[in-house]
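According to TrEMBL, the protein has these features:
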- 227-481: domain 'GP-PDE' (DOMAIN)
- 41-65: transmembrane segment (TRANSMEM)
- 85-113: transmembrane segment (TRANSMEM)
- 125-143: transmembrane segment (TRANSMEM)
- 163-183: transmembrane segment (TRANSMEM)
- 190-208: transmembrane segment (TRANSMEM)
- 493-514: transmembrane segment (TRANSMEM)
Amino acid sequence: MAELPGCCQPCATCLLCLYSCRWISARKEKRKGLRTTKCDCSWFLFLFCVFLFTLVWLYFAIVILNDFHNFNEFIFKQRKLWLDWSLLLLVATAVLITYSAMLLILALCLQLCGQPLKLHWVHKSLLIVTALVVAAAFTGLGIKWAEEWRSARVSLQATGPFLHIGIVGGMTLLAWPLASFIYRSRNTGLKVFLLLVYSAVMVALYLSPLTITSPCIMEENQLPPKPALVGHRGAPMLAPENTLMSLHKAVGCDVQVFETDVMVSADGVPFLMHDEKLTRTTNVQDVFPERASLNSTAFNWTDLQQLDAGSWFLERRPFSTVQSLSAGDRKQASKQKIPSLEEVLEAAKHSNISIMFDLRPENHTDYQSFVNATLDTILQSGIPLQQILWLPDGFREQVKQQVPGVQQVYGRKRLQDEKEPLLHVNLPYQDMSSEEIRQYRQDNISVNLYVVNQPWLFSVLWCAGVSSVTTNACQVLKEMKHPIWLLPSSTYLMIWIVADCVSFLMILWAFLLLK
């Protein structure tokens, strides 16, 4: 095998030792007459596929970070164990992608140096384990968290143009070891096959921008207004969720709507609580250990007032932002109690912030009495009814009759035979396409999408024209004055043509230089 100029023997020996675990010099290896066999080529192909497989999982891992707090809550409900699993996910993914990437780089360098690709059995075993782990991760995602596949599709609207450039760049660099292999190989059929496959892939990549759509490919003067912010249980990254402190922190983030969850105590007092049980966000296991497993609605208001609704926030640190809280905020958080709906409405009235809530649990036998108690509290509070956004579907007609001034928000899309027009909808961000958002906006229907925490996702929905978003990260989205990126179609077309032309010239240069 011919040896490329500039590939020194010590370097080749080092690469060979790391890839093949053969602690002899590359010169001695060459004298043995060892060549890259079909089996070795198969293992290289497997390595390349594992790398791509792991790279795709890395992309998914980054995308699902927007919704990972929901996963943490799910694990806590199942196992009563609180941990920020996103950190474990990122560390594990980083280890797998780094390992497969390093092996791939070693293989490509060995090919350029004219050395045989003799992958050691330890690396083979670890690659199989890597493939199985990633396959298990994708399987688990599909079974337990299927909506994240739709999140990935949404993410392509934010990353599509940049993924195109990155993939074209990676495939362009691959032209160098490919050209080296083709000029060294004596198998004509294999050379023709590789050239045809590589050419087909590159042609597909060069034309792929024709299929890329993103609402952020638009002129600056076409950008819709910034979506309003709805605080998901307040400002849960800055204060314990569903507390008065969380409401005040949300007001400080310029949040226009405080989104929360209401339950009714055993003695008829509406209060704020998301979970059916009190174990996650209070110290009920310490105060009422024998009743800790009961539903929140089984406690009377006097019992609920004895619970600490803030210390868990400091102990479990549901978000990384907890570590940066000031001493004053920590002290205030530790003193939080479960607030009644009456207290929250009073605070909302003085802060001029709207309140949107679900009434839980919907399947309770006394649900109608819950509705009545909630409506009575709203009417007695004196809050302007237009500041109330009513989400529950149960007994909606009764609510319309008793408090006609309340804004009705629907958790579904409009129907073709809608009896009365919808004015407000509240949906998961995965459930509405950019085209639907634009159409609802043209029809003067307010669209709120939840839960939006990452700036890339907020940028896509901003460009699409959504009215508002429910978020845990109001302090982050508040600071965004502009979408992360906005490209006029003419600029994007120019970038596409230039990138493809540069790629083609570099590939041509690689094959001519190594001939």
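Keep in mind that glycine also has a Cβ here, set from the backbone N, Cα and C atoms.
Remember, predicted model here, so these are calculated numbers, not experimental data.
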Is the number of Cβ-Cβ pairs under 8 Å between the transmembrane segment (163-183) and the transmembrane segment (493-514) three or more, considering only pairs separated by 6 or more positions?
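Answer yes, regions in contact.
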How about long-range neighbours of the transmembrane segment (493-514): same chain, 6 or more residues beyond its ends, C-beta under 8 Å?
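Apart from its flanks, the transmembrane segment (493-514) reaches 4, 161, 164-165, 168-169, 171-172, 175-176, 179-180, 183, 202, 206, 209, 487.
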At a C-beta cut-off of under 8 Å, are there same-chain residues at least 6 beyond the transmembrane segment (190-208) that contact it? List them, or none.
164, 167-168, 171, 174-175, 178, 181-182, 500, 503-504, 507
Using Cβ atoms and a strict cutoff of less than 8 Å, what residues sit near the transmembrane segment (85-113) while being 6 or more residues removed from its termini?
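Same-chain residues near the transmembrane segment (85-113) but 6 or more away: 3-4, 7, 11-12, 15-16, 18-19, 26, 44, 47-48, 50-51, 54-55, 57-58, 61, 65, 68, 71-72, 75, 119, 123, 126-127, 130, 133-134, 174, 176-177, 180-181.
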Just to confirm my parser: what is the rounded mean pLDDT across the domain 'GP-PDE' (227-481)?
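A mean pLDDT of 96 is what the predicted model shows over the domain 'GP-PDE' (227-481).
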